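To start, the structure under review is shown below, and the notes come after it.
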Amino acid sequence: MSCCNQTKITEFLLLGFSGSRTLKVLLFFLCIVIYIMSLTVNSMIFGLCLGSQHLRSPMYFFLSHLSVNDIMLSTSVGPNFLSALLGDGKTMSVSACAIQFLASGFFTGVECLLLTVMSYDRYLAICNPLHYVTIMTSKHSIILVIWSYIQMFLIAFIMITLTCSAGFCGNNTLDYIYCDYAPLLKLSCADVFIVEIIRIILNIPGVLLPLVIIITSYIMIILSIFKISTSTGRQKAFTTCSSHLAVVCTYYGILIAKYSVPSKGQSSNFNKLFSLLYTIVTPLLNPIIYSVKNKEIQKAFSKWVSVMLLRF
């Protein structure tokens with residue numbers, strides 16, 4: 001709290017990655033290619049799920065929202081990060097930084113909740129197939145998605161209010177790739193102890209409980225798959241959830257690694273790297289993973305390509 005006697009910060013200098021100019025330029029071109037590909041592939045998945053009559057099940061409804069969320073997550077971080085790479089840092093006002101903090105935290109959390117909803121959907125489809133249609137109705141699907149957005153907005157709004165409402169003071173340099181919780185808290189005039197306690201409490205419904213639901217769902221799914229008598233049936237059941245399981249393991253694995261690595265000293269670059277992976281890279285990997293073995297998406301894409309070729 002002693003920093004509150006210092007000059008209040010009105011803008012931040014976002015450093016991004018440290019290193020030579022050549023390394024930054026190479027990283028810039030790599031990230032902008034990944035970012036553009038992510039926007040393209042996720043937009044394609046969203047368009048296919050929205051326009052194809054064969055992709056109207058709850059699973060594809062959730063997948064379309066996951067694609068939109070991936071677009072927003074990468075966009076909340078990507079442009080400013082790319083600007084910081086080219087300009088040896090990016091100057092941001094306090095309000096702009098707070099908005100980025102809110103957006104990145106919100107879409108990161110929504111991703112976790114959507115993956116949880118999708119694991120619940122797969123649990124119903126495999127473990128309770130006779131009642132799946134009556135339980136997972138269109139109304140129920142919409143309620144689950146809306147609740148995911150509302151719950152995470154409330155959590156993100158509380159965190160940004162606690163972190164930013166007291167103002168910032170001291171050194172205005174943020175040695176990170178975007179305005180995240182940890183670097184902002186170091187400069188915040190708020191009571192760090194109270195903020196940390198509330199963050200831990202909010203992590204229970206925002207991160208811990210969704211992870212427990214996902215793990216429980218897949219334990220039940222695996223047990224149900226083992227009970228299927230035919231190998232063809234087991235393979236079909238596993239195929240329906242393998243893509244989602246791969247996405248969950250990738251996303252949560254990177255998040256766990258990010259928050260397990262210290263944000264100080266030599267580990268700082270590893271922390272930045274993990275943040276870059278889940279905000280820029282995983283939004284590209286998710287639609288690719290879902291499309292590789294999904295015959296319905298492949299059929300819808302082939303039909304779309306045929307229609308576009310006929311028009312030209």
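Cβ from N, Cα, C; glycine included.
All annotation found in TrEMBL is predicted automatically rather than curated by experts.
Keep in mind that this is a model prediction, so the values were computed, not measured.
Residues or ranges marked as domain 'G-protein coupled receptors family 1 profile' in TrEMBL: 41-290.
For 25-48 (among others), the entry in TrEMBL reads transmembrane segment.
Long-range neighbours of the transmembrane segment (98-120) within the same chain, counting only residues 6 or more positions beyond its ends whose Cβ lies under 8 Å from a Cβ of the stretch, are 59, 62-63, 65-66, 69-70, 72-73, 76-77, 80, 92, 144-145, 148-149, 151-153, 155-157, 159-160, 163-164, 178-181, 184, 206-207, 210-211, 213-214, 217-218, 244, 247-248, 251-252, 255, 278-279. The annotation transmembrane segment is assigned in TrEMBL to 98-120 (among others).
Among the features that TrEMBL reports, transmembrane segment is placed at 141-168 (among others).
Taken from TrEMBL, the feature transmembrane segment covers 207-226 (among others). Nonlocal intrachain contacts for the transmembrane segment (207-226), taken as residues 6+ away from its ends with a CB within less than 8 angstroms of a stretch CB, comprise 109, 112-113, 115-116, 119-120, 122-123, 126-127, 234, 237-238, 241, 245, 248, 252.
Feature annotation from TrEMBL assigns transmembrane segment to 238-261 (among others).
The transmembrane segment feature in TrEMBL is assigned to 273-292 (among others).
Ranked by number of Cβ pairs under 8 Å to the transmembrane segment (273-292), the listed stretches 25-48, 141-168, 238-261 are led by 238-261.
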